[in-house]
Amino acid sequence: MIFLNTFARCLLTCFVLCSGTARSSDTNDTTPASAKHLQTTSLLTCMDNSQLTASFFDVKFYPDNNTVIFDIDATTTLNGNVTVKAELLTYGLKVLDKTFDLCSLGQVSLCPLSAGRIDVMSTQVIESSITKQFPGIAYTIPDLDAQVRVVAYAQNDTEFETPLACVQAILSNGKTVQTKYAAWPIAAISGVGVLTSGFVSVIGYSATAAHIASNSISLFIYFQNLAITAMMGVSRVPPIAAAWTQNFQWSMGIINTNFMQKIFDWYVQATNGVSNVVVANKDVLSISVQKRAISMASSSDYNFDTILDDSNLYTTSEKDPSNYSAKILVLRGIERVAYLANIELSNFFLTGIVFFLFFLFVVVVSLIFFKALLEVLTRARILKETSNFFQYRKNWGSIIKGTLFRLSIIAFPQVSLLAIWEFTQVNSPAIVVDAVVILLIITGLLVYGTIRVFIKGRESLRLYKNPAYLLYSDTYFLNKFGFLYVQFKADKFWWLLPLLSYAFLRSLFVAVLQNQGKAQAMIIFVIELAYFVCLCWIRPYLDKRTNVFNIAIHLVNLINAFFFLFFSNLFKQPAVVSSVMAVILFVLNAVFALFLLLFTIVTCTLALLHRNPDVRYQPMKDDRVSFIPKIQNDFDGKNKNDSELFELRKAVMDTNENEEEKMFRDDTFGKNLNANTNTARLFDDETSSSSFKQNSSPFDASEVTEQPVQPTSAVMGTGGSFLSPQYQRASSASRTNLAPNNTSTSSLMKPESSLYLGNSNKSYSHFNNNGSNENARNNNPYL
């Protein structure tokens, strides 16, 4: 009741001013911005043909000095004696309801009222006896969800059946959970997870690196999903939900820097586009950052959704300044996100894409600089040639290629949403071309990588009934494309396609259905539900812990989509339902984000401090380690058990196929030993420096000097012995004599593996314990 009196007095002052009988004076606001206050920045109309409308309405109440400061530009056609009915709605509940006759206030100018224009900037002091009764929590609770509605009736309308005017003001206290002190620590911790993964992989703890990398990427996916969900153009997003989700827009590249915004403005204008000026003029515009429900019963009361679509009073377009300068600008979805980030809508696409490209540039330059630093330290003999960084020095080129795929899959939701949305905006011809190019490049990289993974996996299934054999035995392929599939079980490598499809569909519908909030919310909920059910059913990730981690993330995503389904007002539920859901959304996501961040911090700390963090993880059940070329050390006579285990693994692989398939494979691979090296290949990486295809031959291991055999991969070791100067090849004659008579070229290639040696029945039979699965596991960051 207290603030109702304050608000009513402000409105009454407006009526007095337009009648010409009241005093008004321009006032300089000397109250600090951080002082306790309540404010409203727009006056919304909540009925057809309202006789009071406002194109600008800015009112602030400061309890410390009991002062109301207002700046109003409105028009009224009210005449005669009027009765006012005022309501205070807090979190969807009607907590106060007051009715009074303007004539009872004793102001001649208010009884009767006169039509006219209201254009005033002034102040008014409220009695302290009134302001002291207002609850103090209203000034401190973040993202206050409260609004005041005032309906005017003719004095003789005692039944309140025919309202003359209906206006509504959204209240705020300036406190919010949207803060850089939440956004940037979250971003920093997420980045630390990825950096820690790279570091521990270099020093040899591959299992730890794989799990940290997988969890870090899942963390990014969660943050991106939350940011994308917040971009849906639903009917009503309560303040606390809108503010909290704004903290994660950095994951979409939505980061405001003044100098870059100036560059983007210039670029838009220089390429025959028109820059938006809403943010630059927000102090003189009346803006509602989202549609608001206005009733405890339902948002359909007073036809509020229909009124906001009234083009005579409201506009949702930022492209016509002459339009929104005389009307109330209603922002929702991506428009709201851009406004809350203080980014002009015309710069939204460029902001997200440029920050992604900048991050990509920094990562690539850092990798090159690190390579140069290692070379300098090695040449200065500060770093040993055989240090843990040798594999990076030798394979830094392929590491950069793998990094491009890694960043592409992380940025795919961001790039696809921003590019497709830009197609609907056409801010300038050049920006549209930029959107096409960047979308084609990122999509092309992922499509290429996905096709390569599917070809390799299907070939391995056809030859060995096990996709892990070729996916993990070809170290060059693993190093380049491994990030696309190593987080999944070997037989679930195909889950890469559902994951990319899920990300693309979400981005597509959020981008193109900005003006269809109800349909958009329903489609996104169905997509989330379908993906969550499939994820729980198939459980494609590499182990139980990672599956639980990802299922929990997508469960929260599903709940968020469910909440936004209600925010779209599809069910016309009471406003209190949406308000309570918003509070639950904030608490749920805040607690869950805190858990994920603490989990990342603890995992990274243990990885850096634990003497051997790999012991915390169980071996992969798909036995992928067995198919990776092992490290062969000097023979010391302690190799009996290991050689028997090797022969057993080879025998197991042989029993996976029938006799006809085995003969076909033996004959085919034997042909390949003497095949022309110029055989055409579909892809350029079918032959690599790490491959054994043209160097494998059926000679006994005792015929050559024992040498360490290490795969040339940044994730597998320090290089194969066949590349070293001391490597002794079998003579050409020996290989020719042992090869089959039929030397025709075959399209099939020999898998890079120490388990198969062509047509010979002989195999390497001398291994010691240092060449066991543990060595391979410690030199592969994906395991």
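Each residue, glycine too, has its Cβ placed from N, Cα and C.
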Same membrane side per Swiss-Prot: V268 vs E459: no
Residue from N323, N695 to which Swiss-Prot assigns N-linked glycosylation site: N323
N-linked glycosylation site according to Swiss-Prot, picked from N65, N761: N65
Feature N-linked glycosylation site, as given in Swiss-Prot - residue among N156, N741: N156
Annotated residue, N-linked glycosylation site, per Swiss-Prot; candidates N28, N641: N28
Contact call for the transmembrane segment (403-423) and the transmembrane segment (493-513): at least 3 Cβ pairs under 8 Å, seq gap 6+: yes
Alpha-carbon distance [N156 (N-linked glycosylation site); N65 (N-linked glycosylation site)] in Å: 38
Of N65, N81, N156 (the glycosylation sites), the residue whose Cβ has the fewest other Cβ atoms within 10 Å: N156
DSSP three-state assignment (helix, strand or coil) for N81 (N-linked glycosylation site): coil
Cβ-Cβ under 8 Å with the transmembrane segment (582-602): same-chain residues at least 6 beyond its ends: 91, 145, 177, 185-186, 189-190, 192-193, 212, 215-216, 219, 222, 226, 237-241, 244-245, 552-553, 556, 559-560, 563, 567
Candidate ranges 212-232, 348-368, 493-513 - greatest C-beta contact count to the transmembrane segment (548-568) (under 8 angstroms): 212-232
Cα-to-Cα gap, N156 (N-linked glycosylation site) vs N81 (N-linked glycosylation site), nearest whole Å: 8
